[in-house]
Amino acid sequence: QGRILEKTGLCSQITFGRYVRQGRKLGLDPKLFIQDLQFNKVPVRVYQPKATSDGRRRGIIFFHGGGWVFGSLDTYEKVCRYLSRESESVVVSVQYRLAPEHKYPAAYEDCLDVTVHFMKNTEHYGVDPASVIVCGDSAGGNLAAAVSQTLAGQSNFPRLRAQILIYPGLQALDFNLPSYHQNRGVPLLFRERAAFFALQYLNGHALHMQEVLEGSHIPPDMRLKYRKWVSPDNIPEKFKVRGVKPLRPTDFIAEVYETVKRFCEPNLCPLLAEDAVVHQLPESFILTCEYDVLRDDGLLYKKRLEDNGVRVTWYHLEDGFHGIISLYDYCGFSFPSGKRGLDSIVNFLKTL
């Protein structure tokens, strides 16, 4: 199926998808100064509360979702305004380069460059350098986790205060975890699409999607090595009641592995980082949704963080589905649980 899409003009499909998701231009916001800038040649939009502040504010660097393929500053305008207003923080929304035109590590590098630039220039925005938070949803949660890991071991500037990961995608080893099985046909992210997006980001095409879904893209010895982190065994039993599909052993295909071996790099799949890195991560907030193929990625990372002594605030939307936060006040309709999710993030920010 992936190959049919290639032949029938995948480009036009992605272009159309981007057009549909554009988001409308919003008017001025009475409570915020909003400006479009460039940090290290990467376009950003900065949201600053107009109200006077007693001290320096928190700074939130926001990486949008959209499978590394879709999404823009406009798509997440309402979410970023809401976060800035309600938590009285400066928000920097990042327009990182998108796949398939720009493959990994382009998006990751843009997000890292913006974060480093902002941390070195916090005083320009009235932000406390010790109160900078990275935040993202879905693919943006992946980027936030990767940036956070990169900065965790660096002593040359202040530590990040926290990371906020909203239904993040954190691994591409196993597309057969319980949540992938249970929610494989639930919008807004189908199981096939998750693999499709990961491959677009990695390679700029989705060849070998079927092999990746089946699991024949990872050598048996590596599967064994990562089993301590990526395994249904690490997922609480209550998340298995809707069914578990044991991974049928498939034959490993070396030529497929050759094209996807960078899936084992933590900058692409942060769940695979070594304990020495995870141990140094800042306080974390993880939001998961029950009806989401990526639910278990979040649960597995929560366990890894906790096992390494990192403080985790976890918020689970029992009735939530993937992408619900980005639908906040979208074209006039909103889901109560999406609003609850956003407010849980705001409440967490206020504790920092």
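Cβ coordinates come from backbone N, Cα and C, glycine included.
Unlike curated records, TrEMBL annotations are generated automatically.
Quick look at what TrEMBL annotates:
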{"type": "DOMAIN", "residues": "60-206", "note": "domain 'Alpha/beta hydrolase fold-3'"}
{"type": "ACT_SITE", "residues": "S138", "note": "active site"}
{"type": "DOMAIN", "residues": "251-325", "note": "domain 'Alpha/beta hydrolase fold-3'"}
{"type": "ACT_SITE", "residues": "D292", "note": "active site"}
{"type": "ACT_SITE", "residues": "H322", "note": "active site"}
Counting by DSSP, what is the helix, strand and coil composition of the domain 'Alpha/beta hydrolase fold-3' (251-325)? 32 helix, 19 strand, 24 coil
Surrounding CB atoms that lie within 10 Å of the CB of H322 (active site), all protein chains: 27
